[in-house]
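Data first, discussion second: the structure below is written as structure tokens.
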Amino acid sequence: MPRPVLLIHGGAGDISDSRIAGKFAGIKQALRSAWGLLSPDNGSGGGSALDAVEAAVRSMELDENFNAGYGSCLNTSGQVELEASLMEGRDLRAGCITLLRDVMHPITVARRLMEKQRHTFLGGAAAQELALATGSERLQPGALVTEGARLTLKEFEDQVAQGKDPFFARTELTDDKPVPKTDPSGETVGAVAMDASGQIVVGTSTGGITGKWPGRIGDTPILGSGTYADNCRGGVSTTGHGETLMRYNLAQRILSAMEYQGLSAQAAADKECREMTKRLGGTGGAIVVGHSGDLGISFTSRRMAWGYVQDGTIFYGIEGQVVHQEPFTLST
């Protein structure tokens, strides 16, 4: 019987020092929210990878330390447009949502699409209609916007006015500003889980990139770029500069390296993240769970928040090879 695994990320990008504590707190809370659904205390092994992934992503969608749900980045019109995808590896079912507004949990809308509808991908008005018809609350316009997101949009606009390309000048954003929540390259949240039955599920959710045009669609809802799950190979959730991830098809390339080159989850993630940045210039990262339960965590961005639980210990990090660990409990 496979050992349950839950690996999550809170986005890759130019994350300032002042935001690290919030990222770590959010990662730990998301793991606490989800782990009990994946590995029940009764030891029955009957936990659900699908429930755990949704719960972990929902937790981060509620947390303004992440670019998903509440606190998502803003487009050029100052609005939040959300995207999410969810995929399960047994039957390759998936639900993909884009251009969703004024709904807190796009990952749940993606699950409802996957489980109850005949389509795989909905956007705009159709996604909005599905969300409201299946129980999502319609929030007041602007309810998902935070002061941090407004400040980051202003910083983006200032860089554009100075003739800079803010989508690639990631280290230009300063560390001494108190809030800016996300750099223009775009952070994302994601989770990959495998339960005791061997079922692999991946979920990814984002607000996109600061300063995007209204109607822009990124990598997160695109299968093979932002999300992919296949019980025969593994599961991948990616994060970073969306246009780069789409062009490179990062998630699928990582799984292909595992399948056809015999690489481990870690080696495949390292190889493809490096090759993507070398060829295209944009940065990003990925978390990977192989079909045997091995883990991969890799990024070419300055930082990427991540965490997982193993043998009663939580492991987490945000930069380089630095790994923090502490005893894991479900209570705060």
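Just so it is clear, glycine is given a Cβ too, placed from its N, Cα and C backbone atoms.
According to Swiss-Prot:
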type	residues	note
ACT_SITE	THR188	active site, nucleophile
BINDING	ARG216, ILE217, GLY218, ASP219, THR239, GLY240, HIS241, GLY242	substrate binding site
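Sequence features, as recorded in Swiss-Prot, placed on the structure.
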residue : record                   : contacts (Cβ under 8 Å, 6+ apart)
THR188  : active site, nucleophile : HIS9, GLY11, ALA12, ASN67, ALA68, THR204, SER205, THR206, THR220, GLY226, SER237, THR238, THR239, GLY240
ARG216  : substrate binding site   : ASN75, GLU81, GLY208, ILE209
ILE217  : substrate binding site   : GLU83, THR98, LEU99, GLY123
ASP219  : substrate binding site   : SER225, GLY226, THR238, GLY242, GLU243, LEU245, MET246, LEU250
Counting Cβ atoms within 10 Å of each candidate's own Cβ, which of the binding-site residues GLY218, GLY240, GLY242 comes out highest? GLY240
Among all the protein chains here, how many other CB atoms are within 10 A of the CB of THR239 (substrate binding site)? 34
Would you mind checking how many other C-beta atoms are within 10 angstroms of the C-beta on HIS241 (substrate binding site)? 29
Substrate site residues ARG216, ILE217, GLY218, ASP219, THR239, GLY240, HIS241, GLY242: biggest Cα-Cα distance, Å? 16
